[in-house]
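Student: So that we are looking at the same thing, I have put the structure below in structure tokens.
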Amino acid sequence: MQNIDFISEAEAKKLLEELSCKIAAYNHAYYIEDNPLVSDAEYDQLVNINLKLEQQFPHLVLENSPSKEVGAKIANKFVKVTHQVPMLSLSNAFDEQDVRDFVDRIKNFLRLDEFAPIFCEPKIDGLSFSAIYKNGLLITGATRGDGYVGEDITANIKTIKNFPHKIDNAPECLEVRGEIYIEKQDFLNLNEEQEEQGRDQFANPRNAAAGSLRQLDASITAKRPLKYFVYSGGVTEQNLASSQDQLLTKLKKFGFSVNEISKLTKSEEEIFAFYEYLKTNRENLPYEIDGVVYKLNDFELQNRMGFIARSPRFATAHKFPAIIGQTKLLSITVQVGRTGTLTPVAELEPIEIGGVTVSRATLHNFQEIVRKDVQIKDYVFLQRAGDVIPKITGADIEKRPNDTIAFEAPLFCPSCNSKLYYVPEDIIIRCDNGLNCPAQHYERIRHFVSKNAMDIAGLGRKQVEFLIAKGLISNPLDIFFLKKNNEASLIKLENMDGWGQKSVEKLLKNIEKSKNVSLPRFIYALGIRHIGEQNAKLLAREFGSYNNFIAQMELLSKNDSDIYQKLNNLEGIGDKILIDIIAFLDVKENIQLIKKLGEILNIEDYKETRAQSSLTGKIVVFTGSLPTISRAEVKATAEKLGAKVAASVSSNTDLVVAGLDAGSKLQKAKELNIKIIDEEEWLTLIKNA
């Protein structure tokens, strides 16, 4: 930590201004973008320096001081929800002395002679939430946001397994608060799926949980393995309990998930013993924790202590030290993904960190290497502070050998040697050689057979590599001729190393089974850049059948403006995605592949099971902020009733639902004489639909 004991007033003023800007930027990245720029340890250090400076120079405290803020101002993505009781963050304790000071402050504030019982519980590394129930029914779920105003995630929170939608014998009004998280193994599985689908991997479980929960489309959230714990109440019409331990017992009876690993302590020694127990056993827990939370157990004493601007006086978080290791960077290799994106990978001298032996770590992108000043043969720092996958935080410059080599981003693809292209807006380097690039070729086949695409069990990474190397397959189409090619081969697959009669028979059976495929899966399996499962479903819904899909794709490849505008009007599809689709279609082999696959596969027409309603087949546009319903929920309801939700107003639009601050879409609807209704009329419409 920076030595500020002897800092001058002028230096302190300058440093406080710098810290205010830095911490505000880090808050925005963490709370709004779900993309932390620094580790928790680095962030906590900056906040602590800021706090100590303000204590030394109270007359220098800034109007926008980080000590007055909780998180970050919320994004405009969701409907805003004001917390009736602010959801404040906790102050931090970094060592035993900080904890003793916390206990002493309680005694001094309340004028207690004896130790007041402290309730201790793990600090879950997830996303804070609030859920409000009226007469036992869940009516609002919200994120913490900036502590005063959060985001409405009601539709998303309802998708979490075992999250109560209704509570028996509940008070008229009940608010619970807690943490939503993803377990370690679920996180690893999720990242595997992300990789198979050609999507960016999540940096850590917290990012994955936050990114999953803050989806405008709740159906995406529903597919993610989110879990939760409740740990406190907010607004309630009646007192549920007189202490923290009693409250958790009551909430558990209501059906909420409560963390059983907690302890009511009656001395400082018991506090420290519990902290050491969790610190020692944290790796054995299925979820990530980054410390222990200490709260005054008695609610009456909590009320007496109250709050300061940023946090409650009656609670603090005792943080674990970051798990850090140091090892040598042997080399940097470059991987080529399915869509041609290049990713630098650090090859390391094996090191055990956090109970895991690490020999490789992603460097994310080439700008990261420059920003962190990492060179080959450097001794680099690895950290696991809430991360399942260790990350390189930087190089030990003082130990830098004389023979280090600065890494230079490649100009040519390491797989096919074609010229590479830099994509500034995505901060990536890409190979555009498509199927002529062996690495993309391999990754494309891997994607084609993956679980959420054609779902051909028995064709994993090793099997695909083997079949390509032996010349048995060279593109997705060849998979369906594997039986024929194998029969014509001099050496049969079942006689080769790693294979047998039963495994080959099982594989061929799975290939045959996969020939019956839904249109969304088929479109997703093609591996078009930015066409994930959700966008594949959007396209399938628009086209309805394979025949219509291929016909429209051929028109699009010929720059047909009508089909371009039609697709551009779909919610979720825009210019950027259309450019990627056209780039895919510009490769003649891709159109041919789609046609040939269409000849041998049974591609089922798109069908969505829903009751007929007055909205079936209607094109609906939502504009402005709806006062009581989130955009995700209103869109899901419309689609469930058979409507198509469009992103813009056109002459084909049947209905416009206008909320607060509706803009150009509302004006255009008036010009085109399209029916316009408000939220209240919409609720009546769907009730009677």
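Every residue gets a Cβ built from N, Cα and C, even glycine.
Annotation comment: Swiss-Prot describes K123 as active site, N6-AMP-lysine intermediate. Per Swiss-Prot, NAD(+) binding site is recorded for D40, A41, E42, Y43, D44, S89, L90, E121, R144, E179, K295, K319. According to Swiss-Prot, the feature Zn(2+) binding site maps to C413, C416, C431, C437, an assignment based on sequence analysis. Annotation comment: Swiss-Prot describes 610-689 as domain 'BRCT', evidence class sequence analysis.
Give me the local environment of each listed feature.
Tutor: Long-range neighbours of K123 (active site, N6-AMP-lysine intermediate) (same chain, six or more residues apart, CB within less than 8 Å of its CB): I289, D290, G291, V292, V293, A317, K319.
The secondary structure of E42 (NAD(+) binding site), as reduced to three states from DSSP, is helical. Here the Cβ of E42 (NAD(+) binding site) has 16 other Cβ atoms within 10 Å, regardless of which shown protein chain they belong to.
Cβ contacts within 10 Å of C431 (Zn(2+) binding site), excluding its own Cβ and spanning all protein chains shown: 26.
Each residue in the domain 'BRCT' (610-689) has a pLDDT score, and their mean in this model is 83.
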Student: Give the residue from the binding-site residues C413, C437 that has the most other Cβ atoms within 10 Å of its Cβ, counting over every protein chain displayed.
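Tutor: The residue with the most neighbouring Cβ atoms within 10 Å is C413.
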Student: Going by Cα-Cα distance, pick out whichever of the binding-site residues E42, L90, R144, K295 is nearest to C437 (Zn(2+) binding site).
Tutor: E42
Student: Count the Cβ atoms, other than its own, that fall within 10 Å of the Cβ of C416 (Zn(2+) binding site), considering every protein chain shown.
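Tutor: A count of 18.
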Student: Could you check which of the binding-site residues (E42, R144, K295) sits closest to C413 (Zn(2+) binding site), going Cα to Cα?
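Tutor: Ranked by Cα distance from C413 (Zn(2+) binding site), first place goes to E42.
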Student: Just how many other Cβ atoms lie inside 10 Å of the Cβ on K295 (NAD(+) binding site)?
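Tutor: Step by step: centre on the Cβ of K295 (NAD(+) binding site), count other Cβ atoms within 10 Å, giving 22.
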Student: Identify all same-chain residues not among C413, C416, C431, C437 whose C-beta atom falls within 8 angstroms of the centroid of the Zn(2+) site's C-beta atoms; report them in sequence order.
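Tutor: Here the non-site neighbours turn out to be V336, G340, P414, S415, N417, S418, L420, N433, N436, P438, A439, Q440.
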Student: At a 10 A cut-off on CB-CB distances, which of the binding-site residues L90, R144 has the highest count?
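Tutor: Of L90, R144, the one with the most crowded Cβ is R144.
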